[in-house]
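The 4-amino-2-methyl-5-(diphosphooxymethyl)pyrimidine binding site feature in TrEMBL is assigned to 333, 334, 335, 336, 337, 365, 404, 433. What TrEMBL records for 366, 385 is Mg(2+) binding site. Annotation comment: TrEMBL describes 12-262 as domain 'Pyridoxamine kinase/Phosphomethylpyrimidine kinase'. Positions annotated as domain 'Thiamine phosphate synthase/TenI' by TrEMBL: 316-486.
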Ligand SMILES: Cc1ncc(COP(=O)(O)OP(=O)(O)O)c(N)n1
Ligand SMILES: Cc1nc(C(=O)O)sc1CCOP(=O)(O)O
Ligand SMILES: [Mg+2]
């Protein structure tokens, strides 16, 4: 995918918000930021002194220049100063969506009021936005004031946030991110909301105490735009935006007499900057009155793994379990996807027994009840299982818990459970399982590993073969999990030796 992102927005002469913030945030995420400037503000850290709207002819000239040579995969729209600008931008976006081979994703940050409280649009623009622009927007990122301005909903609690998001969707917007920086609910926390493809996502962290927040809105939506251009799904882009802003707020400093700009750092690689994924039953979930189902069974802090996981074989028969253990694979998973297999319990019991015989760790995929019953070393579960498995029973029985993750959102959700290891997948395309839309690639793995390595043993899985094993191991990931690289090898015994060598396992 092209990594060009356009920002259609106003210039902030103070350098903290608008186009200036957008370009810095985009640069931090490794995309080429291009601009079409809609207004020149004379502004400093104390406020907006004047606003000069750029003529529609000049805006159009900028757009045409970019379109002829540097089409965007994502277009981020910020400040639009008047109705004529809204109509012009809507006309162009509509045409791009219909005629470009790859229609751009449109992220709209409806800049209306600066941090200083100064108005940045003419008053009659709201109707024009609703009629012309919002139906073309893929992701809207309003703050509390902007949400209220567009929807008339006063954001007094989570249900009001949901109602406002529904209203925005009724205007034709596809996905909604409502920034909670301006509500203090629950007290001392910053809570953000995302609605995308019939799912809602809530993120939260303790508020960062700094007055220097200028440009946070522009920067957050620019990170979302850049991350979408990089191929992250919206729920991951949302997380990255939050983490970037949190890191920036912690290093923000004053340059003038007033409110300083959020700092622009780099891709967030420090787990303390990442928000919490808020789930039902957690403290924040309770504060937000999330519905807690009857069979809710949250547990966190699972038994640790002794030593390194090493090469990790994921196989579906007892014969494979035995072959791997016999050839010194120290971690083996029995993954039987047929829950009705007449030999399921017998196979699980046998696999666990083999693990004891050969001194290897045997994890059981999915079938946690049988794993507990027969005393497995551990259980491997997917994200969907977290809602239904009795995690407390797994923990009480002393079994280790491995969790699958596919991207930042799932990784942070898994982190809520403090599992025994985290698996990142699918790194490459695979034929073993349908992983459409969930291929991470090495670049993302390089981001996941440093975030989680100090917290858990880490595992990479999906499409890893002998040729790829060493580049995967070079990311610093602790273990490499494979199915076909062993089960479809001409000589599985030799494949085990070669794979171990490739990942540097002694
Ligand atoms: C080591 C490891 N990582 C990921 C998976 C995938 O588990 P899950 O998401 O539960 O999917 P299924 O394997 O059940 O299809 C795994 N099995 N092992
Ligand atoms: C079972 C499984 N889980 C994945 C995940 O990403 O969660 S990828 C995968 C298949 C791994 O098989 P192979 O090594 O043959 O590609
Ligand atoms: Mg599973």
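Keep in mind that glycine also has a Cβ here, set from the backbone N, Cα and C atoms.
Automatic, uncurated: that is what TrEMBL annotation is.
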Long-range neighbours only, meaning 6 or more apart in sequence with Cβ under 8 Å: which ones does residue 337 (4-amino-2-methyl-5-(diphosphooxymethyl)pyrimidine binding site) have?
316, 366
Which listed residue (335, 433) has most other Cβ within 10 Å, given these are binding-site residues:
335
Could you state the whole-number distance in Å separating the C-alpha atoms of residue 335 (4-amino-2-methyl-5-(diphosphooxymethyl)pyrimidine binding site) and residue 385 (Mg(2+) binding site)?
14
How big is the 4-amino-2-methyl-5-(diphosphooxymethyl)pyrimidine site in terms of the longest C-alpha to C-alpha distance among 333, 334, 335, 336, 337, 365, 404, 433, in angstrom?
16
Could you check the binding-site residues 333, 365, 404 and say which one's CB has the most other CB atoms within 10 Å?
333
Determine the minimum-neighbour residue: among 334, 336, listed as binding-site residues, which Cβ has the fewest other Cβ atoms within 10 angstroms?
336
For the domain 'Pyridoxamine kinase/Phosphomethylpyrimidine kinase' (12-262), would you mind checking the mean pLDDT of the predicted model?
93
If H, G and I count as helix, E and B as strand, and all else as coil, what does DSSP give for residue 385 (Mg(2+) binding site)?
helix
If you check the binding-site residues 333, 334, 337, 385, 433 one by one, which have a CB less than 6 Å away from any atom of ligand 2?
433
In sequence order, which residues at least six apart in the same chain have a CB under 8 Å from the CB of residue 385 (Mg(2+) binding site)?
366, 368
Using a 6 Å cut-off on Cβ distance, which of the binding-site residues 337, 365, 366 come close to any atom of ligand 3?
365, 366
